[in-house]
Amino acid sequence: MTTAAAPMSQPGPALAVPPPRQRRSRRLVKRFFRRRLSVFGLVVLVLILALALAAPLFGDPGRNDFSAVLQGPSAAHPLGTDDLGRDTLARIAYGARVSMQAGVMATLLAMAVGVPLGLIAGYYRGWADLVISRLTDLLLAFPFLILAVGLAAILGPSLRNVVIALGISALPSFIRVTRGEVLGLREQDYVAGAVADGAGDTRILSRYILPNAISPLLVQATVTIPEAIIGESVLSFLGLGVQPPTPSWGTMLSAAQGFLSQAPLLAVWPGVAIALAALSFNLVGDGLRDTLDPKAER
Amino acid sequence: MASYLLRRVGTSALVLLLASIVVFVGVRALPGDAALALAGEERDPAALEQIREKYGLNDPVPVQYVRYLGNSLQGDLGFSTRTGLDVTDIILERLPVTLELALLSLAVGLLIGIPAGILAALRRGSWVDNASNAFGLLGLSIPNFWLGLVLILLVSVQWGLLPASGYVPFLEDPLGNLQRMLLPAIVLGTGLSAVLMRQMRSAMLETMSADYVRTARSKGLSERSVVLVHALRNSLVTVVTVLGLQLGALISGAVITEQIFVIPGFGKLIVDGVFTRDYPVIQGVALVTVFGYVFVNLLVDLTYSFLNPRIRVSGGAS
């Protein structure tokens, strides 16, 4: 693992060989793209993001067509219609927005709170570590869904509150991963060198420690996002998340449950969407892990 | 060892105490007035005041907490505001249902995950390995409640093989009980088996390249005994730890699986409690869940430190 690049003393002349950092990232990109499954995951991920961004193109998810209720796939409705005559494809596309938002926002929230706490615990040790570690233990004492259900019930059902509930539930893993990394990194020679150089704590943490802890955090994020996507769908399915008529893959499945024998496909599409979204992140995450940590290559 | 044990038990006790505060405060933070929920149709202010007085809702919150903690420690978790039944009795009635589901799921998870992981590691790069890896990834990505819906759709609705939902106590009708628990156990066990398979595979790959396995081979031992005696035993240690960590996922999974298959277990109890604002029930279930979860993790940690002495020494610093 390279250390944080030392600032170059003078701008070098234009060379054919790119600076070391650029060379490294090119090598990493190459290594990632050699893994066919990860590339497949990346493609699916981009497609889902495109679907979410282009959702309005697929029509109005709330428009009822009572002449076409619970229909199978047709030219007008490629994925059929639900019990209220709404177009399933449009609802899946808008559901992608909800799922992506929930997955990414909850993960960002967990990172925004968890990473600084992990940095403090690992770098300063002592009583700060003690308090933060017990807080982590406390959060871990609640199984993920019990905590999320409880928080969603307290905060009330909405997308914002689902994000908060899932973010808090994912907090302990980010604190733990960051803390563990920092514990090792703070003993490195270049940190001792920076201390001798008179660098303050903020500078050491932001320039020397955090950049070197990015890889495991990135991998943790790709594990957390699919968990949060599934978590959102579970909470919405239970009625504790996004509320109808807002289309979400979880509420769609919950509604489809009542029409299993009349319109089985209604219960298929949202599930396929959730599985593909989670799978794409898991594949990209597997690829990232193997790319960033060659030792883990299996 | 004794000091590690004491410290580990002490930490768990502290976490449980903090968790009881979180549950207590959390339940009070739930929207809605507990007295209103207790009163049912009654809206007379004087009657509400009487209820507050009777249930001690007018006392300072710390006083209420200490009373609640004391009662809980004696096994008194209060009464359901919806049914008026003793919460401890309700929990004791529902717990075996969820435990049966958990044990069956565990069996499914182990029966699929362990052999698949071993085979994948031994036949690395073969179709068995690829199929196992695909299974592992799908198992992690497919939400178990959707798997439940699909299985109900195929097995119950389309093929009419098994009942889609409901519950019969094992002692009343063993066959009917297993018929109804089979699908939920498969749903819950598949996710577990995916995790176990992935862990088992990488643990086996690691131990198979370890020095002592090479030594065993060079001694001329048969491949069979190299795998079974040397590699497998050491890989299983890792799997035991993973199993402890997966308990939380199992509890979470039970919540949603019971909801889909309409199984009157622990998970359904807490979700129903949230929707009917049955505070004593939510409080009791959350408390018992956290207690069980922390306790099992403590046991796993202690077992692990017993199996692996390095943890006792180096783990003591953190």
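Backbone N, Cα and C define each Cβ position, glycine as well.
Just so you know, TrEMBL annotations never went through curation; they're auto-generated.
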Using TrEMBL as the reference, determine which range in B:28-53, B:236-261 is annotated transmembrane segment.
B:236-261
Look over the recorded stretches B:134-161, B:236-261, B:281-300 and say which has the most C-beta pairs under 8 A to the transmembrane segment (B:101-122).
B:236-261
Can at least 3 Cβ pairs under 8 A be found between the transmembrane segment (B:134-161) and the transmembrane segment (B:281-300), with each pair 6 or more apart in sequence?
no
